[in-house]
Amino acid sequence: MNSETCVMHSSRYVVGLMSGTSVDGIDAAVVRITDEPDGGVSAELIGFENTPYPAAVRQEIFTLFDPLQATVNKIGSMNVLLGELYAEAALSVITSAGLSPVDIAVIGSHGQTIYHAPESEQLHGYDIHYTVQIGEGSVIAARTGIPCVSDFRPADMAVGGQGAPLVPFTEYLLYREAHRTLLLQNIGGIGNMTVIPAGCSQEQVYAFDTGPGNMIIDGVVERLYPGQLTMDIGGAIARQGTIHEGLLNLLMQEPYYSQPLPKSTGREHFGSSYIDWLLDYTKDQSIKAEDVVATVTKLTAWSIGDAYRRYVRDHHSADALLVGGGGSYNPVLVEFLRQEMEPMGVQVMTQEEVGYSSDAKEAVAFALLADHTLKRQPNNLPNVTGANRPIIMGKISY
Ligand SMILES: Nc1ncnc2c1ncn2[C@@H]1O[C@H](COP(=O)(O)OP(=O)(O)OP(=O)(O)O)[C@@H](O)[C@H]1O
Ligand SMILES: CC(=O)N[C@H]1[C@@H]2OC[C@@H](O2)[C@@H](O)[C@@H]1O[C@H](C)C(=O)O
């Protein structure tokens, strides 16, 4: 192989598509992935677009979170519709990056989670764990002409894992440092933390869902300001409120926070029934809307500090916590997080403050995961998901 072919083979463009638990839309990233001499890879963000779901589609996705409404025909048709929307998002970001589909080696698509059941259920004598992400990979491949890797999580579950979180594998590749222990905190719908000890090996990384990210904040805001708001933009409501200690103490009793690792959670836990229960209580106690929003914002920051104290601090004293995900755009939440972490000696910074894009991070992760799938390299972290072995995740549609 001459040196020119060598260079060509060491670098490729990959598209990553992510739709998170907030159901806000489709994040699409074009990434140049380069093999590094030390056997690792680097990733450069070439293009990024966020396409909000059309309001009616978003509403229909929410109906699929309720098992009684999620009939098989609705799931089947939404699976194909989302495949179409993901293909359009991929083609759009490729064009805006100045590339064409033939330049792209593979698309990695997370899909839309509609159900996540990592705990074991017994069915006809078998141990069943399952998770459902929709957005048909075959449709994405057919519309774009690019191979698509989709449906990553079931492979990890098939070997005993929780099928989540998957992003930590890529955080190890991209963020590890020789001398600093880093916490990477994503605040999406759900909050999740990755611990990357200074100079660690892949086996020493661990991660887990800390609990709700923006899910409770969004949930109460949507109900308290119907038709007006779906999120507390810039933390404007929380800023006007006062923390209600009684409510905060009650919410802190939620058993998920003290559940042992590995653990992951979702809308099944902190979704609409949880919001119903919470708002019934605040109504009974006549707690003002802005105080409810301030209190659940504080709870979210507390749950992250609590997770650090409970599962991390005794093993690894962290130097910094890098916050990503939509929650990093809520300055009140970030300020509460600083109040939690900085007295413990952990500096809090956003992904933007360290030169990365918060918005693109998970889409970049699915580009890297798909790249590993095509290379037939394992891409789960058993330590993180609880799987009993490394496995190659993802289903390939050519
Ligand atoms: N300007 C803003 N002000 C306040 N909150 C914001 C702002 N922008 C985004 N958010 C919050 O971030 C959420 C979206 O976050 P993100 O896109 O990271 O979630 P996700 O990827 O869907 O979730 P997950 O990572 O759990 O799958 C919104 O629902 C909102 O709560
Ligand atoms: C089942 C599912 O979609 N889980 C999400 C969710 O959103 C955040 C957290 O809960 C994490 O476990 C996961 O997503 C990210 C992308 C992950 O797997 O790392």
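One is the number of the first residue shown, and numbering goes on along the chain from there.
Backbone N, Cα and C define each Cβ position, glycine as well.
Within the same chain, residues at least 6 positions away in sequence whose Cβ sits under 8 Å from that of THR21 (ATP binding site) are THR113, GLY188, GLY189, ILE190, GLY213, MET215, GLY266, ARG267. The feature ATP binding site is assigned by TrEMBL to GLY20, THR21, SER22, VAL23, ASP24, GLY25, ILE26, ASP27.
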### Task
Work through the binding-site residues one by one (VAL23, ILE26) and point out the residue whose CB has the fewest other CB atoms within 10 angstroms.
VAL23
### Query
Can you count the other CB atoms that lie within 10 A of the CB of GLY25 (ATP binding site)?
19
### Query
Is any of GLY20, GLY25, ILE26, ASP27 (binding-site residues) within Cβ reach of ligand 1, i.e. under 6 A, and which?
GLY20
### Query
Do you know which of the binding-site residues THR21, SER22, ASP24, GLY25, ILE26, ASP27 end up with C-beta under 6 Å from ligand 2?
THR21
### Under 8 Å by Cβ from SER22 (ATP binding site), same chain, sequence gap 6 or more
GLY188, GLY189, ASN214, MET215, ASP218, GLY326
